[in-house]
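Please read the structure below before turning to the comments.
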Amino acid sequence: MAAIPKILFFDSGMGGLSVFKETFALNPQAAYYYLFDHECFPYGNKSEIFLRNRVTALLKGLSDLIKPDLIVIACNTASTTVLVKVREVFSVPIVGVVPAIKPAAAVSNKHSIALLATPGTVARAYTDFLINEFAYDCKVLRIGTQDLVRLAENSLLNACRAHSTLRGSGWSFCDQQELTKILQPILELQPEQRPDAVVLGCTHFPLLREQIQSILGEQITLVDSGAAIARRVQSLLQKREQDLNTNGELQGEEEFEEEDDDDLYVDFDLSHPTNCGPQVAFFTGKVNAEDFGRLTCTFDHFGFHQVRPFVLSAHNAAGRS
């Protein structure tokens with residue numbers, strides 16, 4: 001019997017769960033792990049050099065333990081910065097999330113779109129490339145916001161702590177006034193001047209899709225990358241299965257060897273899951289009891305069995321500095 005494929009999701013916070021949800025729904029046959037960089041959240045205001053070193057080190061550190069078959073960098077800010085570097089380091093497929101500018105341009109009848117993303121993402125050269133390549137005939141309004149990242153993160157944590165969801169909850173867990181203020185660059189335009197497609201260019205933002213749609217109105221189409229990432233993962237898993245059927249084994253797959261480091265907070269069997277579905281979520285840094293309770297409720301809502309701290313070893317940290 002073939003081993004269960006292992007997928008590692010990575011984000012600075014909870015935003016990657018929006019992509020995980022769609023991916024798991026389409027690919028329930030895999031085991032899922034989630035690593036979020038709580039210690040350095042949010043990523044939108046971090047330098048490119050810092051992100052390249054930090055993300056590579058974290059992925060390398062946890063990958064040495066769980067031996068993932070596929071990694072999803074479920075963070076637009078990180079993906080537009082580190083994809084090239086991490087693909088040089090890892091032999092397994094790396095799926096990145098980039099702003100859905102191409103599909104937004106395709107659905108815009110007015111040839112006018114808005115990019116709602118972190119300040120780092122809206123200013124990246126890769127974002128310029130996407131716009132020049134796929135939205136060259138569109139007017140593009142760039143809105144860089146870090147406040148929406150925090151709003152979405154806290155709204156999700158509070159909803160899950162109350163054993164509720166953001167979908168269908170209206171404004172119970174999201175500050176309507178704050179969200180309206182964030183969306184002012186669109187709302188202050190005359191209706192005929194407003195874009196008719198808005199790119200949710202951060203994986204946190206689809207968590208508040210319902211609330212954003214309520215403020216902007218149904219005449220504006222919201223576009224994100226979640227479904228496309230799920231299909232890409234499906235394609236890669238199918239290729240993996242074909243390779244197994246053809247060759248009997250995967251190239252580059254190694255047996256897990258236990259690491260003698262009590263600070264890693266992980267078990268030997270992490271690389272050999274016996275069940276499909278969500279497994280363990282890991283966070284960096286320290287959290288107080290209240291925040292840990294919110295994290296536990298949130299990941300329990302998404303089906304994860306445990307939430308654990310992850311400590312980057314000195315070897316991996318030094319090797320990526």
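Here the Cβ of each residue, glycine as well, is placed from N, Cα and C on the backbone.
A coil conformation is recorded for Cys75 (active site, proton donor/acceptor) in the three-state DSSP classification, outside any helix or strand. Within 10 Å of the Cβ of Cys75 (active site, proton donor/acceptor) there are 32 other Cβ atoms, across all protein chains. Marked as active site, proton donor/acceptor by TrEMBL: Cys75 (among others).
Positions annotated as active site, proton donor/acceptor by TrEMBL: Cys202 (among others). Within the same chain, residues at least 6 positions away in sequence whose Cβ sits under 8 Å from that of Cys202 (active site, proton donor/acceptor) are Gly15, Gly44, Cys75, Asn76, Thr77, Leu116, Ala117, Thr118, Thr121, Leu148, Val149.
Less than 8 angstroms from the CB of Asp11 (substrate binding site) sit Leu17, Tyr34, Phe36, Asp37, Ile73, Ala74, Cys75, Ala78, Thr203, each of them six or more residues away in the same chain. Mapped onto three states, the DSSP output places Asp11 (substrate binding site) in strand. The substrate binding site annotation in TrEMBL covers Asp11, Ser12, Tyr43, Gly44, Asn76, Thr77, Thr203, His204.
When the record's substrate-binding residues Asp11, Ser12, Tyr43, Gly44, Asn76, Thr77, Thr203, His204 are compared pairwise by CA position, the greatest distance found is 12 Å.
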